[in-house]
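Features of the protein shown, as given by Swiss-Prot:
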| type | residues | note |
| --- | --- | --- |
| BINDING | Gly81, Asn112 | anthranilate 1 binding site |
| BINDING | Gly81, 84-85, Ser89, 91-94, 109-117, Ser121 | 5-phospho-alpha-D-ribose 1-diphosphate binding site |
| BINDING | Ser93, Glu227 | Mg(2+) 1 binding site |
| BINDING | Arg167 | anthranilate 2 binding site |
| BINDING | Asp226, Glu227 | Mg(2+) 2 binding site |
Amino acid sequence: MHTAEILETLASGGVLPPETAHMAFDRLMSGEMTPAQAGSFLMGLRSHGETPELVASAVRAALAHARLIQGLEYDRIDIVGTGGDGRNSFNCSTAAALTLAGMGYKVVKHGNRAVSSTSGSADVVEGLGLPLETAPEDVPVLLARHNFVFLFAPFYHPAFRHVMPVRRDLGIRTLFNVLGPLLNPARPTRMLLGVAKPAMLHTMADALLLTGVRRAAVVHGAGGYDELTTMGPARVVMVRDGATEEMEINPADHGFAPCTPAQLEVHDRQEALEVMRLLLAGEGPAPMLDMMAFNAGLAVYLMEDSMPISAAMARARQAVAGGAGGKVLDA
């Protein structure tokens, strides 16, 4: 099918079959579309709506152009959010990921520099002295040694150079705003994925099912965050055994005290880094430590098929208090 026919289908409100969507995304990633075609395609997708099938087609096409990591035959997890929650909170996903690695779990953290937040995961990781651009063949060695590796999105997805100028010129939200968390080149078998909009909970969960993740939780935190917070109960869609199930996780059930948005904020990159160093040592503001443990606890639950969530939360609280994340930096 010619690109013009694909654009006509979208313009007339038609639905792209998965194989056609994959073909179109492949052309976009390979630079075969002109800037005008690429912009029209992204606008058409926005009008079409982000279905799980469309998201999964985009993921498969993007990964086909990525620098994939081979040789990982064990369970591994990513803790990541879509961003876009408009909160200048500390980088909880990175703190929880490093804590998990300090507990002995294999963590493949895929991320980028800040877009809508004060400090992105790449900014924090770089500030902590960890490498950003790790060659794919070196990842298994680093994972075996440290249980943690950071995968810098621009390095692993060179094909995105064809998409970024168009996204920048459009200046509006597109499908690519939610794709990032699903494009981990290490293809994690487990995932804790946060979404800023509750309407995306089931879309992302169903997309994870279609892309083969074994066990995952898609969460929307109280207060409108793309991660768990201790402000109140979180909406969660679990992905396991080939199906999805919506549930609620209440921080009060696990002994976490409520907090306010102001208690989770950082105001610039320097503060974000200073706070991160404290948290990884088991020090710093109690509300941030609690949020760290809450997210790490759910991640432990995802990694342990037979552990009750209460036990997973207790283990994570103990690890956070003991500075497990900081030990990864010292290894």
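Cβ atoms here come from the backbone N, Cα and C positions, even for glycine.
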Site of maximum Cβ density within 10 Å, from binding-site residues His110, Arg113, Arg167: His110
Nearest of the binding-site residues (Gly81, Asn112, Arg167, Asp226) to Ser89 (5-phospho-alpha-D-ribose 1-diphosphate binding site) - Cα to Cα: Asp226
Cβ neighbour count within 10 Å of Glu227 (Mg(2+) 1 binding site): 29
All-chain count of other Cβ atoms within 10 Å of Asp226 (Mg(2+) 2 binding site): 27
Those binding-site residues listed as Ser89, Asn112, and which of them has the most Cβ atoms within 10 Å of its own Cβ: Ser89
Separation of alpha carbons, Arg167 (anthranilate 2 binding site) and Ser93 (5-phospho-alpha-D-ribose 1-diphosphate binding site) (Å): 25
Cα-nearest neighbour of Glu227 (Mg(2+) 1 binding site) within the listed binding-site residues, Gly81, His110, Asn112, Arg113, Arg167: Gly81
Alpha-carbon spacing, Gly81 (anthranilate 1 binding site) to Asp226 (Mg(2+) 2 binding site), which is rounded to whole Å: 6
